[in-house]
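Here TrEMBL flags 1-219 as domain 'Histone deacetylase'. For Asp1, Gly51, Tyr205, the entry in TrEMBL reads substrate binding site. TrEMBL lists His43 with the feature active site, proton acceptor. The divalent metal cation binding site annotation in TrEMBL covers Asp78, His80, Asp166. For 292-392, the entry in TrEMBL reads region 'Disordered'. Look at TrEMBL and you will find 298-318, 347-392 tagged as compositional bias 'Basic and acidic residues'.
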Amino acid sequence: DCPVFDGLYEFCQLSAGGSVAAAVKLNKQASEICINWGGGLHHAKKSEASGFCYVNDIVLGILELLKYHQRVLYIDIDVHHGDGVEEAFYTTDRVMTVSFHKYGEYFPGTGDLRDIGAGKGKYYAVNIPLRDGMDDESYEKIFVPIISKVMETFQPSAVVLQCGADSLTGDRLGCFNLTVRGHGKCVEFVKKYNLPFMMVGGGGYTIRNVSRAWTYETSVALGVEIANELPYNDYFEYFGPDFKLHISPSNMANQNTPEYLDKIKTRLFENLRMLPHAPGVQVQAIPEDAINEESDGEDKIDKDERLPQKDLDKRIVPENEFSDSEDEGEGGRRDNRTYKGRKRPRLEKGIDGKDATNDEKIKEEMKSEKDDKEDSKPNTIDDMKKDTGPTP
């Protein structure tokens, strides 16, 4: 399900790089909300691609956020379980993963209510297994109380929301019955907490509805009202016959009964009560940002002006540091062990305060060097012959 195609590596760079760059922006407080609709590839694992996902940009983005934030909350509203992200943080208490998904003979087959994490991460994996036909009303009834309780207990300092659009009605792979407005209410609710907020894309296999959902959710993030009538564009005919932003639910039956949803909520609340309140993190040095924006300005530096001290510091090389390359000088490899410093004449203080050289020592050193040179010269005719080879 993960075929190779032309431009695959560049696609992975853009998808993963977008989420990492978004995390850096949030860390630097350069933005309150960052969106990467090209990301959200939540099935990819560290050593394998899975479910149309090649590189797990969400995990990379969360790892970047963890450099500055003690606790990060991940919420997944894709119709499929976010198994790659859950697996990555299954044993840590610094990331809580909350996934609302279809469960039961459905890809990827994980995300049972009893999957709660392990080790230090026990109870920090929250799974909400749902059935076919999930509508807006039922979704809101389970989403709002669970996320409210999670926020109250875990107290994250940043949130990542995966907005997979395959949970919409009419999706070619999904089997939920959500509208664009119902899907967008999740974004609206999480935004109210005013935390650093990253939104990423994900699944969605009826393309016109994916476009509708992510357009509407971008407007929700910006706090801007947009018209229901779509403006004319190159793809206008794809949105017929009504050419509207919002879609109507189908008449499929909702198999998620109120009793079933209440049972899930009760069980999850019991698990959340087992958590220590807002786990702390040991103070440690903040690693470098994944994207160093300062390095971009090196080409623009005026060569005639004195460099700032921080740039000069980068160029300092310790005196005892040598290249290990084979082609440096004669005699093969040079390194610190083969390096012999040049002898310098020792200076001693004179009686009058001026530096006076120890003449005798210098003379001895010069004499020994002269003797070494004379010893190396050929003295006899036989030696000359040996050195120069046979006479013609």
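Heads up, residue numbers simply count up from 1 along the chain you see.
Even glycines carry a Cβ here, placed using N, Cα and C.
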To what whole number does the mean pLDDT across the domain 'Histone deacetylase' (1-219) round?
97
Minimum Cβ neighbour count within 10 Å among the binding-site residues Asp1, Asp78, Asp166: which residue?
Asp1
Does Tyr205 (substrate binding site) have same-chain partners at least 6 apart in sequence with Cβ under 8 Å from its own Cβ, and which are they?
Asp166, Asp171, Arg172, Leu173, Gly174
Cβ neighbour count within 10 Å of His80 (divalent metal cation binding site):
28
Centre the Cβ atoms of Asp78, His80, Asp166, go out 8 Å, and tell me which other residues of that chain have a Cβ in range of the divalent metal cation site.
Val79, His101, Gly164, Ser167, Leu173, Gly174, Gly202, Gly203, Gly204
